[in-house]
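Novice: Structure incoming, see below.
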Amino acid sequence: MVSIEAMKDSNWDLQIQVFRRRLNPEVIEARNEIFLSLPSDHGLITLVINKDKPFQISVLLEKNQEFMQTAMNKYVETAFQNQKTTLTSLFNYLLQNWKSFETCNTKERELMVQQVDSKKPETPTDLEPLANKLEGPLSERVHLNTTLDYEVLRGQNHCQKQNTTQTKTTISGSEQLFNDEKPKKIIYSKGGNDGKEDDLQNVNEPQDAYSNDHDIQSKDTELLGNEYCLEWKNPHLTNVGTLKAPILRLVIKCVRCHYGSEISIATKFSLVCNKCSNTLRLVWVPGVIHPNNARLGILHTLGCVPVDVMPIDCQVSCMECVDEQITSFKGISSMQPMLQFCKVCKNRILVEHQDTEFHLLKQRQSSMGGKVSAKKKQKQNLNITKGLPLPNNGACEHYKKSFRWFRFSCCDRVYPCDECHDADQNHTFEHANRIICGYCAMESFYKKDATCPHCGNMTVKKQTSAYWEGGKGMRDRVRMSRKDPRKYKRKHHGN
């Protein structure tokens, strides 16, 4: 077994840097300790690292999880005896085995409750023996804070709120870690002395890079439209610490003309639709996928809608390596597991997911970029009666031999032809799959034979003759029969 002192100068500082770089915790530095706080599904988890003694850390949990904290600290004391254990792998192990820690220490919790119930102090002076023990490590101080809070509530039921707040702040400053506001000051005891004098030191809280980038990107995305969340469905990760997708390739669709485009976006991207010249804007905020998070990132769109995600190029960090060893995966697709081996530790890295899903988080603007309106779409009043013919049998000024109206799928409105649609709407028409007969005003699906299934009439005049027939027959010289003398006459005599 390698001693801790021999490993002090080699990789302990590097492990802390890798942990801060991968998981972006909230960092608070004191004189002798470093606090790394991370939110999780189980609440706020804080790792307290001793600057003077490498590989000596303790875990702090929320107020209602003290019994879990004792079990985790017992495991942490012997975890670094294994040479392959790193700070990042230790944190992931605690999250993955949360339920086992939750059930292993129920007896100790019951004993702690019995000890607290047996103590019944009458005055606040009974708290002095416990307050003298605050010179110990921070993990013990949090347990004492819980005991002190419980006894204060039992001994002083009618005390003022100001007295209780003063008692809590003078006992320890570690309790501020569990408040909603970020702590700016930390109270710690001087080491090596009797521990009666406490020093108050202002701590400048360094902001991590992720929070700065997120704030900058949030300002840029305030003017954009909808916000989508990209998540992997049922991800299966083996020996993966973190996974990032800095560049996203996807297919988008214009909200005006529904024209599809394939793009590749790193942070910001803007383009003009090739069909309707609509401006499309996107902002990609990549996230971090780990065993407890399946969110790939956040996508902000304006003037377009995401349709599908192309194969993704990801950067995967190995969980077993001490340094930040990144392995590149190219073309990760759904339902296709990809396997690679780490270049340093030679362990296999497996990445697999079932599907990529889009979830609409915020709809701040409509599809055209304006504010979202709560009004429903007004129904089109056609002024027609089923069974009776349409006005002019459905013919319009553009197509005088077309006896039908079309219901266009782009706006679900009825027009005689595509030119009538474009003259009334501000977007380009899409193919109409339903028609209204000009003779009976009955709606049906589009058919190539142009025969109404209700009345049997032809909605388009069928050309059967190959002769001129006084202008009622064939008028195209190319398709006209060569037996018709009008086919070879001069053009100024033909019309």
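From the backbone N, Cα and C atoms, a Cβ is placed for every residue, glycine too.
Sharing the features that Swiss-Prot gives for it:
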{"type": "ZN_FING", "residues": "389-457", "note": "zinc finger"}
{"type": "BINDING", "residues": "Cys396, His398, Cys417, Cys420", "note": "Zn(2+) 1 binding site"}
{"type": "BINDING", "residues": "Cys410, Cys411, His421, His427", "note": "Zn(2+) 2 binding site"}
{"type": "BINDING", "residues": "Cys437, Cys440, Cys452, Cys455", "note": "Zn(2+) 3 binding site"}
{"type": "REGION", "residues": "473-495", "note": "region 'Disordered'"}
{"type": "COMPBIAS", "residues": "473-483", "note": "compositional bias 'Basic and acidic residues'"}
{"type": "COMPBIAS", "residues": "484-495", "note": "compositional bias 'Basic residues'"}
Novice: If I take every residue in the zinc finger (389-457) and average their pLDDT values, what number comes out?
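Specialist: Here the predicted model's pLDDT, averaged over the zinc finger (389-457), is 86.
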Novice: Around Cys452 (Zn(2+) 3 binding site), how many other CB atoms lie within 10 A of its CB?
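Specialist: Its Cβ has 20 other Cβ atoms within 10 Å.
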Novice: Please report the number of other Cβ atoms within 10 Å of the Cβ of Cys440 (Zn(2+) 3 binding site).
Specialist: 19
Novice: How big is the Cα-to-Cα gap, in Å, between His421 (Zn(2+) 2 binding site) and His398 (Zn(2+) 1 binding site)?
Specialist: 12
Novice: When you average the Cβ positions of Cys437, Cys440, Cys452, Cys455 for the Zn(2+) 3 site, which other residues in that chain have a Cβ within 8 Å of that mean position?
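Specialist: Leaving out the recorded residues gives Gly438, Tyr439, Ala441, Met442, Pro453, His454, Gly456, Asn457, Thr459.
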Novice: How long is the line from the C-alpha of Cys410 (Zn(2+) 2 binding site) to the C-alpha of Cys417 (Zn(2+) 1 binding site), rounded to the nearest angstrom?
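Specialist: Answer for this pair: 14 Å between alpha carbons.
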Novice: Run through the Cβ atoms and count how many others sit within 10 Å of the one on Cys455 (Zn(2+) 3 binding site).
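Specialist: Total other Cβ atoms inside 10 Å, all chains included: 15.
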Novice: Here the binding-site residues are Cys411, Cys417, Cys437; which one has the lowest number of other Cβ atoms no more than 10 Å from its Cβ?
Specialist: Cys411
Novice: Taking Cα atoms as reference points, which of the binding-site residues Cys396, Cys411, His427 is nearest to Cys437 (Zn(2+) 3 binding site)?
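Specialist: Going through Cys396, Cys411, His427 one by one, the closest to Cys437 (Zn(2+) 3 binding site) is Cys396.
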Novice: Are there residues of the same chain, six or more positions away from His427 (Zn(2+) 2 binding site), whose CB falls under 8 angstroms from its CB, and which are they?
Specialist: Arg256, Cys257, Cys276, Cys410, Cys411
Novice: DSSP helix, strand and coil counts for the zinc finger (389-457)?
Specialist: 11 helix, 19 strand, 39 coil
